[in-house]
Structures are given as structure tokens and as C-alpha cells.
Amino acid sequence: MVGGAIKKMSAKVKGVTIQDYYVQYDRERLQMDGDEQCKCSCNGVSVLLDVTWIDATYVSNAAAEFGIPYFHVDLSIQTYVKLMESFLLARAGNDVVYILPYQEDVDATIYLLMSDSYLRAIVFGELDENTVGRIRDLRPYPSFYAVIAGTMEMNAILHKAIDGGLVRKPEKWNLLFTDFQTDKYAHGDTYPEIHRLLLGSNTCCMLLQHLPPCICSDSFHPMSVHLENVLEAIVEWSVQGPIPLVRALNCTPDLDQELVGRVITAREELLNQMALMAPFWIAQENSLIRPNLNLSIISSPTNQSIGSVVQGQIVLAKNESLPTNKRFFRVGTTESIPWAYRKRDSTGKILRNPTTGEPIWEGYCIDFLHQLSVVMNFDYDLVSPRNGTFGLRDVDGKWDGLVGDLVVGEIDFAIASLKMTAEREEVVDFVAPYFEQTGILIAMRKPVRETSLFKFMTVLRLEVWLSILLAIVATAVMLWLLDKFSPYSAKNNKDAYPYECRNFTLKESFWFALTSFTPQGGGEAPKALSGRTLVAAYWLFVVLMLATFTANLAAFLTVERMQTPVQSLEQLSRQSRIKYTVVKDSDTHDYFRNMKNAEDVLYQMWRNLTLSSGNDQAQYRVWDYPIKEQYINILSAIESAEPVATAADGFRRVNEHLDADFAFIHDSAEIRYEISRNCNFTEVGEVFAEQPYGIAVQQGSHLQDELSYFILELQKERYFESLTAKFWNNSARSQCPNTDDSEGITLESLGGVFIATLVGLALAMITLLGEVIYYRRKENSRNFIKVVPFANVDKPIERQDRRFALKEKSIAAVKHLLDLDVPPARARAGPVKIGTKKEKPIPKEITIGSKFVSAAEKQQKLSYIAIMPRNPIH
């Protein structure tokens, strides 16, 4: 490249001879070989042109010692890297991964980053499968990816990156094209979000020093043209003010200090002039001559230029702005309801984001993380630990789970139901707690009570009900016998009781015994003293039995609902009917292990103290061990019941035990969340072993103070109260059946009473139907004789059959009885008075009832007289 540029300069400038010496730089010793340097000096040197990309301090000092004008020209990729860095800084970037096509570009970029860069950067070259895996495993995730290459190399790099799954967030990728073949770029339509920096057409005109518009061929090489421009400026400068040819003998220069001073001054003037020229970009701090590459910024969604990068400065078009970078963090979490859990469909299948293919997370911590990302302006990826859950330390002191990922840098911080413990504080740092104190609680299933319509019958056992029935039967029989054989009963002593009294037949005795068993009473009691004694004893029995039944019914229907099998952890540990367990290797499991170990150690200390041969051992010696061995028994019971793998398994086992003979000991917040959504669960006892939840970060992380600040700000805004109300709102429990005692006894418990009443009503209706049918049949079986009314006696009888002959005889008999057979003359003389009758005996053939009672004795007005013949009237 240098030889071609010198040849072009020789053809352009007449009368000037250019002789060049190429000196290979020893990169390992970071200096030129002494023999080569002396050789150049001995032959004579007018200008020293440095085209290396390393630190030029040694070379520039050597040139100053010999009095040789020194110019450092950048022909490497470093100019492109500086322009890319300016663009990334304008997007608020703080770290970047550079991907370059050639290894020499990687070296030049790394050297620039070491000496002059504001970004935390990692450089990769020659992208292959191994490199893709290393980039994918970078922790923390970089803010940006930057690729600097020609168009063909760019297509190849992006193709490998896409296949390797690196282009998950296209907006973080930035491409800088080093040629003018960008029309052959293959991924513009696929990933329009990727920002592109293209060499503008005015760059070609500036470097060629042509007036626009100018045509730049595909073979145009900016660095070659830049070198030609530098040589042209130096040659013109040397012609205007001739510079001496410096020689050295035995590497000892013979210098004219006045001449050296003029040369150095002229060099400074030349650099100042070149800095004002359009094709050059000269940094004041190191006098490095770079080409002025004007880059156009292509951004989505318009896919048009929104500005340019000129000499490291971003110049945007009107009303355009660069999308600023959001910090990106890998956030660790693990499943624990309701804190963080993967969203699932009705079949239990994990739902995934259709774009990224990652699981969709929900929960308290996920909402909290989203709010943090808004107020702190960052993007994040959720990462689950490859091994473990929250974090356990093995025998070698290594951690797994979220704590282990933080220790090795796999994640930036962890947000989950992670308790702040002293062991974890040794390897990670915690920020301010984001949730109120949580602890350990016991969950049990509400016992499923057997619902029976005749549940009130179970208040007394079967033998009691049979005894009551036997007492009723015995009382009825005894009452019948006493009334029948007692000489003082109403039946046997009519003189003492001339009025009508109750006749205690066997039927009436049973009715009296049954009605006396109710508050309605049995009615008229027996008259004899023996019967009354029996009735008094029976009434006392009824009162006591009714009071006992009422009291037991109330207790049976209410107390059963008010009590739970156990009320505390201590009661749970003292019984053996109810089994209980925890989540295997969880914080709760560790708590019981530690408490059991503490009891073991305390027992050993107490035993050693009491068995010591010291003088004061007597004051510690007691017959009984003064500390309860509660947790030893609890841990033994947990291990025998087999700890479950997840909390969901624990709640499932509790729900399956309908008799409330299984308990699950777990985190109190998770238990209360489950209770708020499941009517079958209830909590037992009080919360114990309380600890706070906190966000964990790496030790010494800069995020600790920032996260603590924003958590406190959210607390002032009462954000956590609204978030807690969202997940612990007891909305499902509003639909639970009410079992409050103040609401009274349910219909299921006393429904049999109503059924018994309805059965009695049904029996009464059936009995009524039977009575009606019986009465009608009885009436139909009688022979009634139709009597002709008295008013129709004198009328001729048309039909002379046997029925009417009987009628006539009946009428005649009645007339004779009432003395109606009077002579016609007397009948004409006046009306016949029915009240007057002859003193004639009543015929034996005629009777009125079984005993004759005058109708006038009962009522003053006679309505009718029913006369029935005892014997047939002939």
C-alpha cells in the first residue's frame, strides 16, 4: 500500500526524488531493530512516516533525537472502531462486544481499547461455533454488539450469529461497513432494527478531493486514498520548505540544533494545516492522522439516514433522535407460587413467547421486576438456575441455585422468594427487603363433615332410641292396665266421677304416652292415684330426656365446626394421628434440621455439665431433662412422612386427606396465598421463624445501592401494598360455603326434621283418604226407605207396588203415634195441634234411638224428628 502510494506521488510531483525504506516493527520488543534504524539513518532520512497501529512513543522519541520530522498515520481498523465507539456512547452504552473478520483487526482493536477507550469491551474475531458459544455465555449480557467489516464479511458474520441464536435483540446490534458495496447487504429486510453505519458518498468525494457528486467504485479503498493524501501533503510541505537529509555515523547523529528546531516547528505547522483540511481527522492529544470518514446512520423503522458521524461527532437530522440504550441484566428467579411461576394452560403445558420461545413468567416478583425495569430504565432476561432452586451449599462449600449463579456471575441479581440468611450473606449481598416479615406456617385441610338429613338422629345412639321407644310402649301398657284394674279409676268408680271422663283404652294409652313426649302435653290424666304416679314419673323422664337431647344436639351441630384437630406446632408434635411434611431441602426443612441439631448440642452440653466432677455440679443436676425434645420428634415425623419435591405436591397431599389427618409446613406467605384461593385449606397456629425476603446481588455490585434506593421509593409510593392486595385478595374465598357459627345451623343438618313432618302430613292425607273410602262403602251397604212427606199423604198413589204400600203403612203408624188420625169433622173444625197428644203408650214397634228424650227438652223449636223403626213395619 505504501509503495503504491509513493509511486503515484512520484508521478505527480516533478523534480522530487522519493526513496523509501521499509522497517519491520518488532512487536514483541515494541521497538525497531537497532541495526535497521542505524542503516536508515546512515543512508539519510528526511521524513519518518509511521503507519503502525501501536504506541509510537519510542519511534517519535527516536525521530526527535535525530531531528527527523515524524508523522503517525492510521491505516488500520482503529479509525472505524473510534467512530463506532462515538456512536455507542451517543446511545448511552457502557459495554460492547466487537466482532471482527480478521485476527490482525482484533489485535489493532484490543490495542486501541487498552490505550484510548471509554467502553468496557470484549473483542472476537473469525466467528465460528466455539466463538458463538462463548459470546452466548457472556455474563453479564453486553449492552451492544458491534460488527466492523466489509459487506461480504458482514453477511457471513451475521449469518453465523443468527444461526447461533445471538441476534435475539436486534436493536442491540450495530454494523459498520468499510466499503461501498452495501447494496449487497443480505439482512436489511430481516432485521430492520439493526443500526447501520455506512460510508457516505461525500466521504469518497472528500478523500478524492473532488467536488460532489462523484462516483466511487466498488474497489474504492478509503485507507489507500488516505495514505496518498498524507504523502501528497508531506511532499508539498517538503518542497515549500526544504528539509535536511539527516545522516548518522555509528548511530551518532551530527545535528544542527537550530535546524532541528526549525524542522519541528514546520512539522507542527503542517499538522495544524492538515487538521483544517477536509480529508483529515487529527486528534490533538496524539497527533494521529486519521481519514475523515463521514458515516451515515441508518435506523429503523424508516430505513433512512437519520444523521451522520463526522470526526467522532454525531450530527442528527432535524426532529431525529438516537434510541438510547437501556441497560441489560440477567435476572435470576425460580418457581415458587405466587412469587414467580411459569404460565401454563389448562392442561399444565408451559406457555412460551412466540417470538423468543422463552417461558412466560408471572407472579409477585415478576410484576415487581417489571416496575423496577421501568423506574431504573433497563431491559432484562429471566434466567432459571441450572442446578438447584434458591441455593444450597455442599460439603465443599460450593453453592447451587440462585446463590451459586450469583457467585459465578451467571446472573446480575436474583429476585425471588429468597430469604436473607447469614450463610447466604457470606457470599452475596442483599438489598433492602421488599416484603414484610414472612415465616413458617402450618396448612391443613378442613375436615369434610358427613352431611345427613337425619343427622339429628345421631345425637343419641341406637340403643338409646330403642330404650326410649321401649319406655313409651311400657308406659302405655302400664297405664292401660292401671286404669282397667284400679278400683279408683274413672272407669271403675262412676259414682265418684258422674260426668264423662277419658276412657284409657289401649289405644288412648298409647296416644297419651306419645303426646306426653312432646311439649304439647298428653291431655287429661288418669283419675286413680296409681295412674297419676306412673304419669308423673313418666313426665319427669320426658323432661330430662328432652333437655338432654336439646343440649347434645346444639353441641353436636356447633362445637364440631368450631374446633380443629390441632392448634399449634407443639400440639402437632405431640400427637401421632396427623402426619406432616415439608418441601425437601427447602428453608423450612433446613430450619427443622438446625433446630434438631441445636437440641442435640444442648443435650450434650447439659449432660456434660451435670456429669462433671466439678464442685458445683450439684446445682445443675436434675431428674428430668429441662429442654423439650420437640424438634427431634418433628424432624423424625417429617422424614417418616417423606418430604415432597415441590410446594404444589405438598398442597395436593393435604387436599387428598379428607379427614384432615395430614399437614403441610411451609412458607407462611405461600400458604396464605393458597388458602385465599382454596376453600378447603386453613392455617393452624401462629407464624414462627420469621425472616424477610430480599433481592440478592453479587458482592460489591454497583446495583446494590441503586436497587435499595428505588425499593425505598416504591415503598413511599405504597406500591407494595397494592401489589400484595393483587395476589392476596381472598377473592376466591367469597364463593366458599359459609361455616360461621353466627349464621346458624344448616338445612343439611336438620333437614330430616322437615322430612319427618312432611311424612306425617302425607300419612294424615292417606288416612283421610282411607276414612272417606270406608265411610262411602259403609253408607252404600245400607237400605234406605223413602218416606212420602206428610203434605202428600192424601194424594192418590199412582204406583201400587210394594215400596209404596210400605210407605202408607209407615205414614199411618206415625199418624197414629202422633194422634193425627182425627175425624174429618174435627179436622174441619180447626187445625190440629201437634203439641196435644193422648196419653197413649208408645208402641213397642216404634222407637227413637235407644233412649227416648223429648226434643223439647233440648231446644225450644222443633226442626225435625228422626224416627227409625227398630223392627220392620208390616
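Note: Cβ is positioned from N, Cα and C throughout, glycine not excepted.
TrEMBL has this to say about the protein:
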- ARG424, THR588, ASP667: L-glutamate binding site (BINDING)
- CYS679-CYS736: disulfide bond (DISULFID)
- 328-730: domain 'Ionotropic glutamate receptor C-terminal' (DOMAIN)
- 338-408: domain 'Ionotropic glutamate receptor L-glutamate and glycine-binding' (DOMAIN)
- ARG393: site 'Interaction with the cone snail toxin Con-ikot-ikot' (SITE)
- VAL566: site 'Crucial to convey clamshell closure to channel opening' (SITE)
- ARG593: site 'Interaction with the cone snail toxin Con-ikot-ikot' (SITE)
- 464-482: transmembrane segment (TRANSMEM)
- 536-559: transmembrane segment (TRANSMEM)
- 750-775: transmembrane segment (TRANSMEM)
**Asked** In terms of Cα spacing, which of the binding-site residues ARG424, THR588, ASP667 are within 10 angstroms of ARG393 (site 'Interaction with the cone snail toxin Con-ikot-ikot')?
**Response** ARG424
**Prompt:** Do you know which of the recorded positions VAL566, CYS679 has the most other C-beta atoms within 10 angstroms of its C-beta?
**Reply:** VAL566
**Asked** Under the DSSP assignment, what numbers of helix, strand and coil residues are found in the domain 'Ionotropic glutamate receptor L-glutamate and glycine-binding' (338-408)?
**Response** 21 helix, 17 strand, 33 coil
**Request:** Any same-chain residues 6+ apart from THR588 (L-glutamate binding site) with CB under 8 Å of its CB? Would you list them in sequence order, or say none?
**Result:** ILE440, VAL582, ILE665, HIS666, ASP667
**Integer Å distance between the CA atoms belonging to ARG424 (L-glutamate binding site) and CYS679 (disulfide bond)** = 36
**Asked** Rounded to the nearest angstrom, how far is the Cα of VAL566 (site 'Crucial to convey clamshell closure to channel opening') from the Cα of ARG424 (L-glutamate binding site)?
**Response** 34
**Request:** Report, in whole Å, the straight Cα-to-Cα distance of ARG593 (site 'Interaction with the cone snail toxin Con-ikot-ikot') from VAL566 (site 'Crucial to convey clamshell closure to channel opening').
**Result:** 23
**Request:** Provide the number of Cβ atoms within 10 Å of the Cβ of ARG593 (site 'Interaction with the cone snail toxin Con-ikot-ikot'), excluding the reference atom itself.
**Result:** 14
**Complete:** Neighbouring CB atoms within 10 angstroms of the CB of ASP667 (L-glutamate binding site), all protein chains considered, total 25
**Asked** Looking at the recorded positions ARG393, ARG424, which sits with the largest number of other Cβ atoms within 10 Å of its Cβ?
**Response** ARG424
**Prompt:** Looking only at ARG424, THR588, ASP667, the residues listed as binding L-glutamate, what is the longest Cα to Cα distance in Å?
**Reply:** 18
